[in-house]
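Peer 1: Structure in structure tokens, see below.
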Amino acid sequence: MSPTISHKDSSRQRRSGMFSHALDMKSGPLPPGGWDDSRRDSVGGEGDREVLLGDAGPGDLPKAPRSYRSELSSILLLLFLYVLQGIPLGLAGSIPLILQSKNVSYTDQAFFSFVFWPFSLKLLWAPLVDAVYFKNFGRRKSWLVPTQYTLGIFMIYLSTQVDRLLGNIDGRTPDVVALTVTFFLFEFLAATQDIAVDGWALTMLSRENVGYASTCNSVGQTAGYFLGNVLFLALESADFCNKYLRFQPQPRGIVTLSDFLFFWGTVFLITTTLVALLKKENREASIVKEETQGITDTYKLLFSIIKMPAVLAFCLLILTSKIGFSAADAVTGLKLVEEGVPKEHLALLAVPMVPLQIILPLLISKYTAGPQPLNIFYKAMPYRLLLGLEYALLVWWTPKVEHQGGFPLYYYIIVLLSYALHQVTLYSMYVSIMAFNAKVSDPLIGGTYMTLLNTVSNLGGNWPSTVALWLVDPLTVKECVGASNQNCRTPDAIELCKKLGGSCVTALDGYYVESIICVLIGFGWWFFLGPKFKKLQDEGPSSWKCKRNN
């Protein structure tokens, strides 16, 4: 189904191209690190300082609050940087739908799903990004500029190779391994850019206006994701363009993936050059110095947090809590494409979801603001599990309503309503987990603590989706019809069946088997482990405080 336009780390992580994908938890930047090096003049370390605009030193006179208009250029720059960040995320999210239209195996789809992991794993290299930099160039620009240059150059080069990788030349099969490596690098670079931009946002704006950073983040990445996914899939589709945008039909869409990559690669190079030359970072020695922490100390701190009994219990439970949703979230959208639903129509269904996705967190937060936010998670879980079965029924029903190669309006209305109900349950669980993570995080090390909990929450959605995709093919039973004494258990057997005049027919679709198994596992978790998960709310504050050896 349509990709969810989601909060980023999201992968938003939000996983696009699926019927619905896990929301990535927003994780704030880690405490800036110091890198002890003899070349302090050239590489930032403990002696460097970043401006937090609006801070005043002890001897300074208080200044009048800054209007957002006085920093409009910085706000617009942040917004544009987040838009650029959303482009590779959206493009990566469109590839599964394109691959599915080319009839690749679900094993290949599972392999490609590793592309969506970097945003959930960026905690592993965030301390490095925060600590190592060139002082004279700027703490954030030291990573932002080379990262975006690499993205731009890579996009332009890929524009010359993507048709071959997708199998558009000479009817070859898509090179899934090369596509996975390529877009994994895209996501890795986008996650690195996210770390740098999040950190820069805190010092680019004054304290009065720093709240606009989260708005730029949400709006910018959503817009970029929309451009790279929904808009691209629509303009790339010959059927969509011929039906809605052209007077004379053409055999291809208005844009191709290679055109799109070349255009945005050029935009990345031009804008990055302008940022490198024209935008300066705030580095006044008189401003209060940020708390810094060494790279090694940061990793030691993370390990100390994980070893705490309460945190370890949370990690184990949250890593298994989303198994029940994996078939519905990861496979349903691809199954709809397999049944003939145009991928661009599924992508466009994300558009009416945007207002709902904005309103839902505001409404749900009223119920998660109390001392027991996980109650909402527990109450929403069975409804989301039942919607997984409804998704399976929707896939089963899809070929029965197809008419002359298309689908009636009422079909899309039912799909949209199903999607909206799913979003209500998904956001209820997402917001409650975010509220719980914020509630238990040790305020003395809030950035690192919160990021760790959110990272584990993201991984709890990533690995079940990958496994769910991987298991579809092994659970599917196919029979060779028209050729005696043949089967369709392996690719070679399928080829032999066709050569002997037969055809492989699906007797039992692994998606339905998996949907039932996942729901049973999900209800088992809800019944046996759910109460233990809720009991974590009863742990005292001391259970969540990390003892640090200074």
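Any Cβ shown, glycine's included, is placed from N, Cα and C.
These numbers come from a predicted model, not from an experiment.
The compositional bias 'Basic and acidic residues' annotation in Swiss-Prot covers 1-12, 36-52. Here Swiss-Prot flags ASN103 as N-linked glycosylation site, drawing on sequence analysis. Per Swiss-Prot, the feature phosphoserine maps to SER42. Taken from Swiss-Prot, the feature region 'Disordered' applies to 1-58. Look at Swiss-Prot and you will find 1-74, 135-141, 197-217, 278-300, 366-375, 427-509 tagged as topological domain 'Cytoplasmic', backed by sequence analysis. Annotation source Swiss-Prot lists transmembrane segment at 75-95, 114-134, 142-162, 176-196, 218-238, 257-277, 301-321, 345-365, 376-396, 406-426, 510-530.
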Peer 1: Are the transmembrane segment (406-426) and the transmembrane segment (345-365) close enough that 3 or more Cβ pairs fall under 8 Å, when only pairs 6 or more apart in sequence count?
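Peer 2: Answer yes: the transmembrane segment (345-365) meets the transmembrane segment (406-426) with 3 or more Cβ pairs below 8 Å.
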Peer 1: With Cβ-Cβ distances below 8 Å as the criterion, list the same-chain residues six or more beyond the ends of the transmembrane segment (257-277) that contact it, or say none.
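Peer 2: Answer is 77, 80-81, 84, 87, 91, 98, 141, 144-145, 148-149, 151-156, 158-160, 162-163, 166, 228, 232, 236.
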Peer 1: For the transmembrane segment (75-95), could you work out the same-chain residues 6 or more beyond its ends whose Cβ comes under 8 Å from its Cβ atoms?
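Peer 2: Distal contacts: 3, 8, 11-17, 68, 112, 115-116, 119, 144, 148, 151, 155, 179, 183, 186-187, 189-190, 193-194, 197, 200-201, 204-205, 209, 212-213, 216-217, 219-230, 232-233, 257, 260-261, 264, 267-268, 271, 275, 279, 347.
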Peer 1: Check each residue in the chain of ASN103 (N-linked glycosylation site) that is at least six apart in sequence and keep those whose C-beta is under 8 Å from its C-beta; list them in sequence order.
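Peer 2: Counting only residues 6 or more apart in sequence, the Cβ neighbours of ASN103 (N-linked glycosylation site) under 8 Å are GLU338.
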Peer 1: Can you tell me which recorded stretch out of 176-196, 301-321, 376-396 has the most Cβ pairs within less than 8 Å of the transmembrane segment (114-134)?
Peer 2: 176-196
Peer 1: Restricting attention to the topological domain 'Cytoplasmic' (427-509), give the mean pLDDT.
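Peer 2: Taking every residue of the topological domain 'Cytoplasmic' (427-509) together, the mean pLDDT is 86.
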Peer 1: Quick one: what's DSSP say for the residue listed as 'N-linked glycosylation site', helix, strand or coil?
Peer 2: coil
Peer 1: Reported in the order helix, strand, coil, what are the DSSP residue counts of the topological domain 'Cytoplasmic' (427-509)?
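Peer 2: Its residues fall into 56 helix, 12 strand, 15 coil.
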Peer 1: Using a Cβ-Cβ cut-off of under 8 Å, list the residues of the same chain that are 6+ residues beyond the ends of the transmembrane segment (176-196) and lie near it.
Peer 2: 8-9, 11, 29, 81, 84-85, 88-89, 91-92, 95, 99, 104, 108, 111-112, 114-119, 121-122, 125-126, 129-130, 140-141, 143-144, 147-148, 150-151, 154, 158, 165-166
Peer 1: Give the residue counts of the topological domain 'Cytoplasmic' (197-217) per reduced DSSP state, in the order helix, strand, coil.
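Peer 2: Across the topological domain 'Cytoplasmic' (197-217), the residues distribute as 14 helix, 0 strand, 7 coil.
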